[in-house]
Every structure is written in structure tokens, then in C-alpha cells.
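Below: the structure, in C-alpha cells.
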Amino acid sequence: MKLVKSAALAAAMAFASMSGASADTLKIAFIDPLSGPFGPSGQSGLNEWTYAAAQVNAKGGIQGKQVEVIGLDNKVNPKESLIQFQKAIDQGVRFIAQGNGSSVASALVDAVEKHNKRNPGDEVLYLNYAAVDPVFTNDRCSFWHFRFDADADMKMEAVTDWIKGQEQIKKVYIIGQDYSFGKAVAAAAVKNLTAKRPDIEIVGNELHPLGKVKDFTPYVQKIISSGADAIITGNWGADMVLLIKSAMDSGFKGEILTYYGGSKGAAVAMGESATGHVKAIVEHNTNLPMSDAHAAYVDGYEAEYSEDDYYYHRISNAMKMLAMAADKAGSTEPKAIAFALEGMTWEGPTGTITMRADNHQILQPMFMSTFSKDGVTRGVEDLPLGWTSGANDRIEGEATKTETTCKMKRPS
Amino acid sequence: METIVFSLLNGVIYGLLLFMLSSGLTLIFSMMGVLNFAHASFYMLGAYFAYTISEASSFWIALIFAPILVGLIGAAVERWGLRTVHVNGHVAELLFTFGLAYLIDEVVKIIWGRNAVDYRVPELLDFPLFELFGAQYPAYRIFTLFVALAMLAGLWFILNRTRAGLIIQAALTHPHMVGHLGHNVPRIFMTVFGVGCALAGLAGVIGGNYLVTDPAMAVQMGPIVFVVVVVGGLGSLMGAFLAAMLLGLLQTFAVAIDTRFADIFGFLGLSETSEVGAISIASLAPMLPFLLLVIILMVRPRGLMGDREL
Amino acid sequence: MSDQTVQNFESLAPSAGQKFTQRVLPLAVFALIILIIPMFNPSNLMLTLLNVMGINIVFALSYNMLLGRGGLLSFGHAVYFGLGGYAAVHAMRAIENASYGDGGFWASYPVFFLPVIGFGVGALAGAIIGWPSCRRAGTPFAMISLGVAELIAAAGFMFGSIFGGEEGISGDRMNGPELFGLSLGPINEVYWFIAFWTILGTVGIYAFTRTPLGKMSEATRDNPERVEFVGYDPQRVRYLVFIFAGGFAGLAGGMAAVQYEIFTPEAVSLAPSGMVLLMAYIGGIRYFAGPILGAVVLTYMQSMLSDYSEAWLLYLGILFMAIVMFAPGGLAGIVAGLFNGLRADDRSERVSKWAIMVVGCVLAFVGLVALVEVAIRWSNGYGEVFEPFGMHLPTASVLTWVLIVLPLAAGFAILRFGATRNKEGQA
Amino acid sequence: MTVAALSITDLKKNFGPAEIIRGVNLEIEKGERHAIIGPNGAGKSTLFNLISGGYHPSSGSIKLNGAEIGGTKPFQINRMGLSRSFQVSNIFANMSVRENVRCGVLYSMGYGYSFWRNVGNLKEVQRKTAEILERVDLLDKANLPAALLPYADQRTLEIAITIAGGAEVILLDEPTAGMSHSETDRAVALIKQATEGKTLLIVEHDMGVVFNMADRISVLVYGEIIATGKPSEIRGDPKVREAYLGDEADALEGDAA
């Protein structure tokens, strides 16, 4: 009897198969967390993709096709992502977008590569907008993967380029989460600092377990005792917020250079006391000087999604480049678009943007943004606080270029 | 020297916060045998209530009313939830609280959003109290210390100087005896559960702005509370206190130690660059509680001060 | 003794017919369902889901060897699933390297048999970790499993050479010798692989419950003290059961390795351990088929419900709580209750009682869904409005709240009425 | 000289400062039915727990067929051929009567921790189980869940599990407690029949049962055995009469009649 019920269920599922692809839409499956602890950042990403699609559609779409963004919740779980990937394929999706979590990215790079090998003629293109592990554009690079964000090493290039211009920084403390990403950030920081500012003393290099520390005060006091005047950290989520909060409470006076200071929810948790101290290396902030068209784009977004702030500028870049590549190729076939994207260079709202042909990594200007009270025209999270950067805080895309070990295998 | 002073101070404060959080669970667990998975969720509720109340009025009002509110919710959970499940045994009770923790998490996300809320230290206490070896010491941390001590004193007074306290003490060590003395056991259970939750709520009021108030705070604190209770031992608030202190100090001191495995076991040929050799004591600090938990359960299942085995 | 006794002992045990209907038939039907599903030409997504269900069925059944049959509540069962899976992925890589390189043992090892590796490593991990864990049942066991799970989860991120850091370890299943003509490339071929191991795992775990050790495991759950006085060491019984549970979890991990071709440290974390607990308990731990049912339902919910509502986690939590509080037998218990009730004498009375309960549940559920959906949209603040069946239900409208409060109140009132009527009926 | 089935020398047990067993000496021959009586709190249950491995002796020795078993674990003692029942029914409540008895049979038939055999196919186990069930007259209730049995039947099942393993030395802890008169009579007959040829050590309050069954009786008072002997000797022993005051002395008297 119990089994009969499961049979009925299975049969019901079998019939509930999805509708096929329709010819006049270009579907992008957005595979990221939409529920659970990482739901908010996934939701932001989805909003920006949807908005970018609406903007493109208003101008007639891509190659005459309307762009449709389908949000699929992967719960930041690699295995679940593969199920959602299959769901996307069954709906006739040929483009997927993902950003949260290198574990998910790793599973998807692999899955896309295998799918394309096993299903020729039905290839899928992977638009990575935020998973920054360098390995995806190095040892594990794939023809079907394009990254629109600077990878962790490039960000460190940018951070250290910026430090080069900061004479007052003499002692640096590196702290990070004890896993592959944290270790990679620490290694890149040591390597770049020794090369670019040999006079700087690295007074500490520490890893702490991922997401387990409740009170960072002991770490912060170690940092203060070491006399550091800058902290470099790749921490994200609670690990970053708690670190910054503790540092501010204990009266740390130096700079805290982060990768993810601008991520969702951080501003409220850090609070006003963090202004002037916390910096984040990003490709865009909403207080940059903007052209009218770009300002309209940003304001339009913030008006439509009033609870959300414009953060993932790279999504707008990715959508524009997708459209340009399709126009260049005269087709919306992923393979043709992939070839067209290789080596594409254009003038974006923030400067020159290039998609490297050798490893499918984007090069774009980076900005060392400061969490500030002053000079803020667009605040974040309904606070009068926001992210600003000055003239010296700009690092050109070309300067962040790193050597690649990628041996790209292109389909014939 | 400065490391020792700092570690001592931080360890004690963190330990006291842990004790505030776990004392309620020790009461509940010892009397009712329920290892409440949702205990840390009540801690979270305390923080969120305090945030909402202090937005509307002031932190001081929140300090009093938020724990009471949490206590009432706790009592209600016992009355209409746990009691129903009780007949199905301890595993069912454990699973009930497991599900409850899950639900509270989701409900908190709906009501207060999925990001951190801006729950601040009251302005009255938002200043550096003193400076020690170049680092400032926030006044609020010392305030935390006093609240915890006051709670400790209050708890001690109630348990040792009031009739209700004596009944509870008897019940802590001999849970089966209370019924024989003619007391209304269900009501005692409900009260104890409520009071235990209120204590967690108080810890939330204090800890929410000391740390961060977000929906992940319950999950973060959950397991460590168990460690305190189990290591401290059944039926022993003193044990919970010692365990909390031990954990607080252990973790803060471990952070201060830069030694790596390679330095310790170097004589065995463990190299600095190997995966095991590169692990430092400091990076292990947050894992120590769980190591301690497993070891205690293996070696001394009654905990540090417990009067009986789990 | 006399012939009488011999005769009696023959009649004591279930007859061949009973054995068939009670034991062989359900398993045969289960296998048959698995075998005929492909005839319905399911989409790739459905095949993927079915594969995941197969994996979860074995995983949940292995978990129930502990919780349902052994009375051991574990919060770290994913450790064995994960370690088994990791071992299988490492073996998969070894097969790949060996088939392109120097050959050797791995070159001749078919990917099809990777779950065997998973079983071995899962059992080995069970043997090592079980040694300190199984001395005590109850809360100490649960706490040790939690502590161990935390430690292993942390180790998952620390030891890159085993767990591959955040990206995990990936392999390619299309290497090594092919078996049964399955290249294991397309998903429908993987389906047969999963089907084979799901059936084997299910039969294996079922067979285990029929062995002397399996029986003594149930006896130890019920009464460890008495077990000692019939010559058994309860610790030893628990320990051996634990090893087998670890082994079958590893088997499921090995199946997952072939299905996903990747394992990441997330697999050994606390979340999947909690998930398998939910699967087994919601399905019903007192019934062998319970975890199967739970695995099917929860796998479907996890991957499909999120398409309809982002509050799916909340619904899952509510379902779990409802089961814990009102239906400790789980879904399988409900199904069994219905089935037995339909054959009972007071059939009509029971049906009317159920009808009342169902109406109450449905009403309360409608109100609850409306409440949750309206609340979550309000909470998100994107100005989105809940619009079921063409209705427009903004937060501020009176109609919305009528639609929430009315069904909720009516549903609970009916359920209460049903419950009190039951009590009177019993008194 | 034959070795005693059970031989206890200078056995002592204290819980903290409280001395419960204060030096017990006892020899029980093979095949003997020996009863232990004594007032409440004399330490009868403690003595049983010491012999069956539930407690560790503080000092002294307990020998089973000449082998020391003091401080050994219960399951080891059980494997050496000693089995016991409990004062409170201690059965596997979620299993059927047949399965309960089968649990008692399995180990003794060499199927210990076996996980490669199907219990349903173990013919000799089935046969032995059926034999035991028949011997205790529970055959017709074999497939009922144990928890649904009436009280007296649960007590019987308790005894059935105890004898199932084929132990030569059997300890019964108040086997007739809480039974009615007719039930008691039935139980006594059953015990006599089921433990035919075995060594039996029994603790019992019902003097009728004791004097009816026992070959010899020991009287335990305040942790010491004050007298051991045939029922007739015990009945007349003044020390015993002294220990049993009031009603219970009358009971001794009454049963003597």
C-alpha cells in the first residue's frame, strides 16, 4: 500500500514534465540561492538580471528575441544546483547565470562542460557573475564559461596596487577564513605585497574556521597589539561583519581592506562607526561620477526595487556583452556567442572593458571604495551611508591582469 | 603580558555570556530531560524583541520586557507543544525542539527580514571605558559583565533562599521526587521552561548588540550551548558556570597562540608546509568546544560537576 | 519433543503465502515501479529527480537502521554518506587516470561498482567513529554524533587534499570498463545504475532487519538491560549496527558520486544530516517503507516546491512539526492507518471521522498558505502581491485577512471538534 | 568432590558508607532449588544484581561452576550459563511473544552477532522457540505483541526468556509478585516444570511458594545470611523467627501447618 502511493507520486511526476523551448525567447536560468541564509544576495542578483533583461527587451531584445530570466533556487548547494541545471535544460535554457559560492560554480563548470560534450548541438553557456575562485579561468578553465567579475587574485592585484600609493601603510595584518578561498587570498596578499611594497611588514597572517567564530575581539586585540595599520581580509558574511564590528569597538584606527564590504546587509551590521575605515574592492559604486544614461539605469533600478541597492554592476555588463556578441555573431547560438565574446572590448560606463580570449576572464576598472558618511548621493540599505571613491582609488583593468595557466580547448 | 590580560578579560566576558545563555538550558535539561534544540532560538528572539522594543522606547525597557516576553512564549511552547509530545518519549521531544528551532528561524526571517537589524548599544554605554595596551575597551562589555553577575546572584538567591528555589533544586537532582511531594509537576515544568527561555532571552538582549542580531545567530550559538550544558553536567548550575568559563577562556587563549602543529610535532618530522603541519592552534580555537564535548562524553559522561550521567 | 510441537512450530512462523505478501511482494512491487518508470518517457529533469530519490532512499533507510531500528538519534549521519561519496569520487579519478595512463587495478574497475567502495569507506568510518560513540544510547549518543559532525565538517574545509577545498573533487563517470552496455553518460543510463543500487540497497537493508543482529538491534532499542541478560553486549550490538548504517550511507554516497560526478565539503556538513533526519522521520521511522516515502516526498519538495514558493523551508518545518506532534508514525503511519481502517469493522465511522479531519486540515492549510505567502511578500518589500487563482491579495486589504483568518479559524475549530469527538468516542 | 553450581564467599557490597551486603557465604549444589527469603531491605535484590553482574562486588568472590564471575559483565555471565528474571516485567515490549523468546534463544544457539543469516530460516531456532513457548504454555499467544499480554502472561514470558538460553543456573526475582492465588499456583507448577534438572535460585515473598518449591532456604537479614537449611530446619529456627516479626512470622507459622 505504501508503495502504491509512491508509485502514484512517481507517475504524477513523470507526467508533469516541462514545456519545451519557445523559439522567440532567449532564456537565461539564474541558478542561485533564493531561500535560506543566502537568499537575499541571490534575490538581489535575480533582480538585477531581470532588470537588465527588461532594459534589453525594451530595445527589442537580443537578435529580436525577448530575454527571459528564470530564477531557480539552488540553496547554495552544489548537488541541488545540478538538479536545477537539469531543470533549466529541460525548459530549453541555453544560458545559465550563477555567482554565489565557488563550490556551486565548480559543480556547474563541470556539469556544463560534460553536458556540452555529451549533447553536441545543444550547448549551454555559463555566465559567472560573482564566483571568484581563480581556478575557473586557470587550470579548470572552460570554453563555455565566462567570468564577468574580477577573480580573487585580480582583486588582490588591485588592492596591492592601491596600497602602493598609500605611503602611510607600513604594517599589514592578513586574516581570513580557513578554507581554500581564505588561503588563496592570504597567499596572493603575501606574494603581491612582497613584490610591490617590500618595505611593508606583514605583522600577522592568520586563518580562523569558517563561520564558527562568535566573538572576534581576541583576534582584533592581537591585531591591535601587532601595531597593524591595515587589515586585509577576504571574509564574507558574519565572519566579515563580526570582525569589523569588533575592530571598531576596540578602537582600531587603520584601514580594513575587504573583498565583500559592500555585500548585502553588511552596512547595517557594521554601522556608522565603520565609516572611513572599511574599504571594499569593487568594479562599481553608486557614488561614482556617472553619465546621464548610466545614472538613469541605476536610479531606474533603485526605483523599481526600492528595498534593494544597485550593487552587481557586472550583471548589466554581462547582459550588454551578451547582446553585443549575439549581434556580432548574428545568432543566439551559445557556441557562436562564445566565439564572439572572446576578446571583445568596449567602453562601459566605468571605462574600458575587455573579455580575455585566452581564459574568458573580464578585465574592467576596479575601485577601492570607502564606506563613508560624506559625499554620498546614493546611500545603501536606507542609511545615509554609502560607498565612495576618489581619483586615486581607480585601478585600470589592464593593471589587474594576471598570468593564466589556462589551456583553452575550443570546439571546432 | 598584554595577551594574558586581554585573553583573561575577553574569556571571562565571553564565558559569562555563554553561561547566561546556557544556565536556562541546564535547568530545563536537568529537570525535564529535554535537551532543547530551540534554546538558542529563544536567545535570538530575545535579541530581536529587544531591538524592536528599544526602537519604540529605550534599551532599558527592553532589558526588562524582552526576557519576560520570551519567557511567556517559552511557557506557551511547553504548555501547548512539548507537553503533547512528551508521551512519545525523549527522542520525540528532542525532534520537536529541533523543528521548533527551524520554525522560529523562518518566522524571524519573515518578520524582521533576512539581513542583520540595526540593534545598537545604548548611547549611554557607547564609549570606550579605558584603554589597555593601545586597544580601547568598550564600556558595554563591562556592563555585560555586571548584568551576568547580577543574573548569577539573582539565580543563586532564588535557588537557595526561596521556597520555589528549593523545590527546583530538589527537582534538579531528583526529578522523579517532585511529584511525590504533591507539587503540580506540569506547572513546575511550564514555569521552569519559561524561566529557562527568559534567561536565554536576557542573554539575547545583551548579546544581540554585543555581537550581531541576524537570523543566523541562533544557528551559530546553538551547538555551543549544548557543549556548555553537557560538559558542565546534569543538574549543576555550578558546573554550567565552570564549563562556560572554561570554554570562554580556552577559546580566547587558544586564539592568542600562534603555534602550528609543525612547531609542536616537528620532532616527528611534521613539516611546516604539509597540510597538518600548517594548522595553527589559533585556527582550531572554535573547534575546541566540540573536541571537549566528545572527550567528556567518552571519558566522564556525567560532566564536570554533574551528579548523574546523562 | 512431540510431533505436536514440531507441527506447532511450523504453524507459528508466517506461512509461505504470508511471507510472500508481507515481505517479497512489497519489495517486488517497489522494484517493478522502478523498472517501469522509464516506459513513461520521463523528462531528463524527472530522471534526475528519480535518481536523487534513489540515492536519498538508500541514505534515509540507512539512517533508519539507527533511528527507527536501533533507537539511536544521530545528528551526523551525512559524515558517512560524504566520506563514502568522496572515496568513490577519488576512485573515479583513479579510474580515469588509470585508463589514460599506466593501467593497473583501477583501469579494470568499472564505475558501475563504485558504490562498493562507498560502502567500504562508509563502514570503515563507522567502525572508527562508532567505537567511542556507541557506548551509550540516547542523549549522549546524539551529542557525540553532533560533536563529531561539527569536527568533520570543519575538517572538510581544512584538508584540501582529501576534500578538495571549496570546489570539492570532481570526476568523470564515463571511464573504465563498461558494464551491461551502460556508458553512464546520458542520464537515462545513469537511471539504470541508480535503479540497480537502490533495489540492492533496499533489499540489503531489509535483509539486515531479518538477521539475528538486526533483531537484536531492535531488542537493544527496546530494552538494553534485558539484552545483556540474554547474552548480548548492547554496546557491541549498537557498534555493529552503526558500522552497517555507515556502510549503507556510504553506498548512497557512492551512488551520488556517479550521479553528480562531484563531491564538495558541504556533503559532510550538518545540513544534509538534518535533512536525512527529516526524511526518515516525516516518512515514518516505525515502518520499513517510511524512509522510502519520506525520501521521495522530501526530494520532490526540495527541488520543486522552491519553484512555487520561496517559503518552502517554512512549509517543510510546519510539516515536520505537525508530524512530530500529531502523527508520530509519519506519512507511512498515516497510510497504514488508512489502510487498516478501511478493513476495520467500524469503517463508516472512521471514514466520517477522517472526512472531518481532512476538511479541517485543508481549511487550516489554505489559511496558513495565504498567511505565509502574504507575509513573505510583505517581508520582501518588493511590492509584489500574492495572486492565487486570479485573486488580488495585498497586505492591507480586508479580503486578504478574511481569507487568512476565516479558513484558519474554521479549520482549527473543525479539528478540535474532531479531536473531542474522538475522545468522547473512546471514553 | 563436585564443584558447586554457585559458590559465594565473603561477599560484600557497599554504596558509599552504606553497607548493603555484609559478608555473604553461600554454596548451591547443582540441581538444587534454593530460595532466599528475608524482610524488605535485607539486600535480596542487591545480592541478585551482584550475582548476575549488575553490580560489582566491593569484596569477596562469586564462583559459577568454579569460575570467578564477580565484577564480570552481565552478558558474559549469561554466556557462562547463568540467567535471571526481573522483579518488574522486563520484556521487549515492541516485539511479539515469539520474537521475545527468540531473542533469548539466539545467542545460545551460536547465532551471536550474525548478520548473514535470515532468522526466519533458522529451523532449530524456530523449533527451540516453539519448545520453550509450549513449555510455558504461551504457544497460542505466540504472535501477539508482548505489550498487549495480560500481566500474568507477561510474568510468564519473563520466565520464558530467562530459561530460553538454556542456562544451567537460573535466578528468579519474585516470579509470582502481584499474581492472584490461582495464577500463582499455575506459575509455580510452570517454574517447577520448566526448570526441571536445573539449578534454581529464587527470591520470593510468598512463603507458600518458597516452602513448596525450595530444597533449601537461606534467610538474608541486613546483608547477612543468618540461616541456611532445609525448609523444616528454617521453620523451627529461632533466629529466623526473631527476624520475622508480626505478620510474617505468622506466615512462616501458617505455612508450616
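A Cβ is built for glycine as well, from the same backbone N, Cα and C atoms used for every other residue.
Pulled from TrEMBL:
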- C:24-40: transmembrane segment (TRANSMEM)
- C:46-66: transmembrane segment (TRANSMEM)
- C:78-95: transmembrane segment (TRANSMEM)
- C:107-129: transmembrane segment (TRANSMEM)
- C:141-164: transmembrane segment (TRANSMEM)
- C:190-208: transmembrane segment (TRANSMEM)
- C:239-256: transmembrane segment (TRANSMEM)
- C:288-306: transmembrane segment (TRANSMEM)
- C:312-342: transmembrane segment (TRANSMEM)
- C:354-378: transmembrane segment (TRANSMEM)
- C:398-419: transmembrane segment (TRANSMEM)
> By Cβ distance under 8 Å, which residues at least 6 away from the ends of the transmembrane segment (C:46-66) in the same chain are close to it?
Replying inline: 34, 37, 72-74, 77, 80-81, 187-188, 190-191, 194-195, 197-198, 201-202, 205, 208, 217, 241-242, 244-249, 251-253, 255-256, 259, 276-277, 279-280, 283, 285, 288, 290-292, 294-296, 298-300, 303-304
> Does the transmembrane segment (C:24-40) reach the transmembrane segment (C:239-256) with at least 3 CB pairs under 8 A, where each pair is 6 or more residues apart?
Replying inline: no
> Apart from its near flanks, which chain residues at least 6 from the ends of the transmembrane segment (C:190-208) lie with a Cβ under 8 angstroms of it?
Replying inline: 23, 27, 30-31, 34-35, 38, 47, 50-51, 54-55, 57-58, 61-62, 65, 112, 115, 173, 180, 182, 184, 214, 244, 248, 251-252, 254-255, 258-259, 288, 292
>> Given a Cβ distance threshold of under 8 angstroms, which distant residues of the chain, six or more beyond its ends, lie next to the transmembrane segment (C:107-129)?
In response: 79-81, 83-88, 91-92, 94-95, 98-99, 148, 173-180, 182, 184, 193, 196-197, 201, 242-255, 257-258
>> Can you work out which residues elsewhere in the same chain, 6+ from the ends of the transmembrane segment (C:141-164), have a Cβ less than 8 Å from its Cβ atoms?
In response: 72-79, 82-83, 86, 129, 132-134, 170, 263-265, 268-270, 273
